[in-house]
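Student: Have a look at this one.
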Amino acid sequence: MTVQKSKNPQVDIAEDNAFFPSEYSLSQYTSPVSDLDGVDYPKPYRGKHKILVIAADERYLPTDNGKLFSTGNHPIETLLPLYHLHAAGFEFEVATISGLMTKFEYWAMPHKDEKVMPFFEQHKSLFRNPKKLADVVASLNADSEYAAIFVPGGHGALIGLPESEDVAAALQWAIENDRFVISLCHGPAAFLALRHGDNPLNGYSICAFPDAADKQTPEIGYMPGHLTWYFGEELKKMGMNIINDDITGRVHKDRKVLTGDSPFAANALGKLAAQEMLAAYAG
């Protein structure tokens, strides 16, 4: 007899009234091994340009019933794109708003993946000891070595990033200076930082995690309650077009903004980003 896994969110004892996803939702949406493939870049980039990763530094996301969702950056959404970019020759730096360590959704870590886990261990210190984003922003100019800004997904991207003036300044710099902006799933919530000023992303099309899907996840205990706001609705208000209404692993390129719809798009987004950046910088 098959025992049905529980759909009740699991208690996170590190914080009051906080919860991890249910056993059932983890069985449906996580895997001990990723779908990493196609890492084939025979002529990698050899220059000085690199990636700036803007990571999440807060773990707990309040839901509508007062319960906290224990979140952060999704490991697959973070590590697979970076694996491709690193293999293509692009090093990366990590920054958070506070300068404090990156928070990961460790419950989604592909802990048996023989390629991704060594890559994570090799670069863990960058996530544990990130730069403070304000310090990075203060140093940005037309000659800065960052070729792209990458905002990983995970619900942690909903916390702080959409209101951050430093995130807005970094994105503004990237777009004005013809750099790449890469993001997926909930990461594009960071684009909301641009809504209170000049919005250079007005009219852009992207892929992102659908609001409709976020509204369904509490039913299986992925989150302990419903979100108090939905980033897709807000992105549309600031003139952005979300081209997907489902989750298929879709990726999209609009000029130099490269996006994906979910963790299922992480590998494809990594390929797309590596190919586009190699064409731009190593062509």
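Cβ coordinates come from backbone N, Cα and C, glycine included.
Here the structure is a predicted model, which means the values were calculated and not measured.
According to Swiss-Prot, the feature active site, nucleophile maps to CYS185. Here Swiss-Prot flags HIS86, GLU91, HIS123 as Zn(2+) binding site.
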Student: Cβ within 8 Å of the Zn(2+) site centroid (HIS86, GLU91, HIS123 excluded): which residues?
Tutor: ILE51, LEU82, LEU85, PHE90, PHE92, PHE119, GLN122, LEU126
Student: In the structure shown, which of the binding-site residues HIS86, HIS123 has the fewest Cβ neighbours within 10 Å?
Tutor: HIS123
Student: Quick check on the recorded positions: of GLU91, CYS185, whose CB has the lowest count of neighbouring CB atoms inside 10 Å?
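Tutor: Lowest Cβ count within 10 Å among the recorded positions (GLU91, CYS185) is GLU91.
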Student: Should GLU91 (Zn(2+) binding site) be counted as helix, strand, or coil on the basis of DSSP?
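Tutor: Strand, per DSSP.
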Student: Check the DSSP secondary structure of HIS86 (Zn(2+) binding site), expressed as helix, strand or coil.
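Tutor: DSSP call for HIS86 (Zn(2+) binding site): helix.
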